[in-house]
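Under the heading signal peptide, TrEMBL lists 1-24. According to TrEMBL, the feature domain 'Ig-like' maps to 29-124, 128-223, 251-344, 347-433, 439-526, 531-623. For 229-246, 1112-1124, 1157-1171, the entry in TrEMBL reads compositional bias 'Polar residues'. Residues or ranges marked as domain 'Fibronectin type-III' by TrEMBL: 630-725, 730-823, 825-930, 934-1031. Per TrEMBL, transmembrane segment is recorded for 1045-1066. Residues or ranges marked as compositional bias 'Basic and acidic residues' by TrEMBL: 1077-1095.
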Amino acid sequence: MEPRLNGKGLIISLIFFLLKFSTAIEIPPSVQQVPTIIKQSKVQVAFPFDEYFQIECEAKGNPEPTFTWTKDGNPFHFTDHRIITSNNSGTFRIPNEGHISHFQGKYRCFASNKLGIAMSEEIEFIVPSVPKFPKEKIDPLEVEEGDPIVLPCNPPKGLPPLHIYWMNIELEHIEQDERVYMSQKGDLYFANVEEKDSRNDYCCFAAFPRLRTIVQKMPMKLTVNSLKHANDSSSSTEIGSKANSIKQRKPKLLLPPTESGSESSITILKGETLLLECFAEGLPTPQVDWNKIGGDLPKGRETKENYGKTLKIENVSYQDKGNYRCTASNFLGTATHDFHVIVEEPPRWTKKPQSAVYSTGSNGILLCEAEGEPQPTIKWRVNGSPIDNHPFAGDVVFPREISFTNLQPNHTAVYQCEASNVHGTILASANVDVVDVRPLIQTKDGENYATVVGYSAFLHCEFFASPEAVVSWQKVEEAKPLEGRRYHVYDNGTLQINRTTEEDAGSYSCWVENAIGKTAVTANLDIRNATQLRVSPKNPRIPKLHMLELHCESKCDLHLKHSLKLSWSKDGEAFEINGTEDGRIIIDGANLTISNVTLEDQGIYCCSALTALDSAADITQVTVLDVPDPPENLHLSERQNRSVRLSWEAGDDHNSIISEYIVEFEGNKEDPGRWEELTRVQGKKTTVILPLAPFVRYQFRVIAVNEVGRSQPSQPSDHHETPPAAPDRNPQNIRVQASQPKEMIIKWEPLKSMEQNGPGLEYRVTWKPQGAPVEWEEETVTNHTLRVMTPAVYAPYDVKVQAINQLGSGPAPQSVTLYSGEDYPDTAPVIHGVDVINSTLVKVTWSTIPKDRVHGRLKGYQINWWKTKSLLDGRTHPKEVNVLRFSGQRNSGMVPSLDAFSEFHLTVLAYNSKGAGPESEPYIFQTPEGVPEQPTFLKVIKVDKDTATLSWGLPKKLNGNLTGYLLQYQIINDTYEIGELNDINITTPSKPSWHLSNLNATTKYKFYLRACTSRGCGKPITEESSTLGEGKYAGLYDDISTQGWFIGLMCAIALLTLVLLTVCFVKRNRGGKYSVKEKEDLHPDPEIQSVKDETFGEYSDSDEKPLKGSLRSLNRDMQPTESADSLVEYGEGDHALFNEDGSFIGAYAGSKEKGSVESNGSSTATFPLRA
C-alpha cells in the first residue's frame, strides 16, 4: 500500500490542519441525529424562456428525514399534477407549461425525523408578468419657446433592473445636456424649450434585461412656437425685447416636485448607492450645485453626474446620513431643496447559534445576536415552531440566548433563531444532539504516512465520541504514551511530530477512550530524505547583452522523484513554465537561459523544488554589468594660463567599479570638433588639474571606464581659453631629400596646431658646411621645407631648425648632419676574371672603384649578363640582360642558373642612391657541357608474352652533345618484392625506340630511361607495362590489334572501366578509402630505396615499409648535377632578377640541397645523383 502523503510542504500542511481543526464536530452518519438543511434555493425567478423552475431543498439526518413545504405561511401540497418531486429529497420542479402565476409566493422547506425538524429560509418564487405600456392616445403638446415642459414616461412594472431610454422613431438617442434631463423615474424634463426641440417622435423605451424585453411608449409630439412668429407686425427688435422681458425668469425646481416642499426624506440601505437628483426650470438654464449641511461631501465616493443634476454616493455608510442641499441658480435668482438622508440596514449576525453534541446530564448555551437599523427583533423556534410551545424544565430563554442544564436525550432538537426588521429577515439554525456513544474512530486502520527528515509529521485519528474522550498515542513496539515537546495531540486526535528524524519511522497506535468505552487504530510512518537544491553559478556577474545560463542541481529521495517539480522565479515572481514568448528567456527544467541580458534582468533568482512531501529552494544573486553612465555636472575652477581644475560627478557604475576616467578635450583649430585624449584619472578621483597649451580655446568632456567598457562621453564643459606664448619645442625629424647633385632640400615635421602656442608661426633654418670656419647661413620660412644649393656633391652640412611665432622663439635647436645631393658614379669597375665552377655557375671578380668616384653613398655592385649563342648548334641568341646586385663594398660574386654549353657576355657596374654608374667592358666566357634533361616521354608501344617495344622523345634541353641513352628495367608485381635491375646502354643517340626480348610472360615491368652526354646521364623518365600470358592469344598482338571486333571489344572494356571508375570515385567521396601510398609502397622507385635516410626538399615519409630484394645503383658514372644553383645562395644583395633597365623579373625561393634534381616524368619519385 502506498504511503498516504500528508501535504505538500510544511506551510501547506499547517494551513490544511488549521482549517481542519477550526471546523465544527461532524456527527458520523451512523449516529442518530436531527435533520440538517444542506442545500436550498434562494430567490427563484420564472423566466419565460426557461424549460422548468427548480426549488431546491436537501437535508441529512438519521433517521432519513422527510420533507414538507409551506407557501406564504400555509401548508403547500403537491396537488398540481405538473409538479415533479424527487425521492428522499425536498426538491421539486415546476415545468414551464401553461399558467403558473398561481405558484408565485414565499416557500419554506421543513425536513423532519423523530429527533427534530429543520427549517429552511424563505425561498421567494417570482412569476414576472410581461411588461407593457398601456394603449393610450397621447395628445400633442404645444408650448412657446423658453417655456419648461415635462414629457412623462410612466414605465410599466416589471422584474428589475429597469433601464429607460428616450429615442426618436429612428432609434437615435435624444440628446441630454444642462437644459434637457431624464429623471430616475424616466420622465424627460426641459428647463426651457427651444425651437429645435420640436418633433413628433419622442419615444420612451423601457428595457428589462433579465426578461430580455424592451417595450416602447407611443410617440409624443412636441411643438415649440417661436416668439418671432408671435406678432408678425412687430419688428425683430421688439420681439427680442419682449422675449427677454417675458421669458427670462429665476430658477424653479421641477425635481423634486413642488408638492414635496422645500425638503424631503430619503431612506437608503448601508452599502448601497445613494442617488439624489435636482432639476430646475428657468431662463437662462439654471446651474445646479450640491453641498452637505454641517459637513463635507465624502471624498472619493461622491460624483456629480448629468451636468451636476445628480449627486451619486457609492457604498453608503452611517456617516453619510444627514441633510444634503441642492441649489439651482442663474443670474436672476436661486432655488434650493434639502434632502434628509436616513441610512438603515437589514439584519446581520454578530453571533449565530452553533450546533453542538452533548452527553446526558451536561449543560449548554445557544447565543443569537444581530444588528441592523432599526434594531432587529429576535425570535426563537424549536423544530420550526415558536419556543413557547416547547418548554423544557430547567431551560432559561432570553431574547439573545438559551441556557440548558442537565440535558437529557429528549432535548435533542433543531433550534432556529430569526432576526428581522422592516428590511428583511435572517435565519440561523443550531442542532442540539444529546448522544451517549462509545468512541468511533473514522480514520482507517493501518493508514500509511510519510514525511521528510526535519519536517513535521501528522498522523490522523479522527473520531466521534460523546461523552468527551481522551486520545493517546504510542509507538507499537514501546507500548507507552509518547512524551516530550516534539509530540502534540490535537483535539481531533491528530498527532503532530515536530522535527522528525529517521528514528521516528515505524508503527504507531491511537487510543480513544471515554466513559462508554475505548477504541484504537494503528498508523505507519515512513521518513524520507529531504530534497536538496544547488543553483550554479553562485552570484554571477554578467555583462549586459551577454548570455546568462543558470543550472539547478537537485538531489531528491527516490520515493519522491516522480513528484519532483522544479520552477524558477525572479524577485519572488514566478516565470512562465517555458520562459517568455519571444524566446529570450528559456526554461528547460533545471536550466534557465537568458539571451541578451539587460539591466532589468538583474535580481535574485530562485530555483524551487516541490515534491509530494517537502519543498526546497536555493537562490543566486545575478548582477548585470554595464558600462557606466556618463559623468555629470562638469565644472571648471582654478583657471590658470597653463592649467585648470576640472571636477565632475560620477554616474551610475552599473555594478562594476569605475577603474579610471578619460579626460578629452576639443580645441584644435586645424580639426575643430575632433576630441582628443588629454589625460587619465584613477576611478576614485573626480577632479584633476589639467596641463594646458597656450593659444587654445579648450572644451572638456569625461568618459568613465569600468571592466565592461567605456561610458558615453559626458556633456561638454564650459570653454576655457589660454593666452598665447612663444613655442615650447622645435620641429622634429629633420631630414634631407636629394633630387639633384649639389642640391639639398631640407624637410621637417611641422608643429601641430596645439604646439604652435600663438599666431604667426614660422621656421628659422640655419646651415653651414660641417667643420668649415664659416658663418651660419639663415632663412625663415612659413612652410616645412627649404631648398638650398651647395657647391659640392654629397657634402656634409650642419643644419638647425627653430620654431618662432609673434611672441618669441622656441628653445635653442639641436644641430643635425645632412648631406647634399648625390650624383651617379662616374667610373666602372674592372673585371679581373670569370671562373667557371660548373656548367651553370661562375664566379666573377672585379676591382672596386675609388670612393671619390662614387659621388654619393655606395650601395653595392651590379652584374649584368646575357647569352650570345649556343655551343651545341652555334645559333646566336637575342640580347636578354639578366641582373644580379650585391650590396656593400665587395669585389666578387657568384652568378648561377646559366645555360650549359653556351657563350655569355658579362659586365659589372657600381650604384649608389642616385643610381647606377657606367658598365665595365663586356667579359666573354663559355659554360661547359652538362647532363641532359629527362626525355620528353616514354611509351610502351608494343608488347607480347616475352617482348616489349619502347619509344621516347628527345629531352627539351640537351646541355651538350648527346652520346646515347641508359635503359633500365625490373620486375614489379603486386607484392612487396621487386626484381633485379637490368641495364642496356643505347649508344645510338638518334634512335628513338628499343625492342626488349627474353622477358617473362604475364609479368609487370617498370622501365627507366635517361639521356646521356659526355658529362653523364640526366634524370630518368619511367613507365610500367605487363607482358601477355600463355595461350592462343600469344603472338597474335599484331593481328588482333588490327581486327575491328577487337577494337570494338576494347572500346566496350574502356567504357565499362570508365563506369567502374566513376562508381569508385562516388564511393570514395562518400567515405570509401583508397590508399595511394599502398600503391607507392608496392612499386617504389629503386633509387628511393637506396637513399632511404636522405631528405629531399619537403619530401618525408616516416612510414616506409621495407622492400625485399637487391637493388643496384642507377647512377653509374654519373657526375654531380649542375642545374641546382640558386641566386639566393650566391647573390648577397637583392635576391632577384632584373631586366637590362633594372626592372624586377622574379625572385628565387629557398635553396635546394646540392646534388638533388626534380623529376618531371611519370614517376613521382626523386632520384639522387652521386659522384
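Cβ from N, Cα, C; glycine included.
Each residue of the domain 'Fibronectin type-III' (630-725) gets a DSSP state, and the totals for helix, strand and coil are 0 helix, 44 strand, 52 coil. Mean pLDDT for the domain 'Fibronectin type-III' (730-823) in this predicted model: 91. Remark: secondary structure over the domain 'Ig-like' (439-526) totals 3 helix, 46 strand, 39 coil, with classes taken from DSSP. Note on the domain 'Fibronectin type-III' (730-823): DSSP counts are 3 helix, 47 strand, 44 coil.
In terms of DSSP secondary structure, the domain 'Ig-like' (531-623) contains 9 helix, 50 strand, 34 coil.
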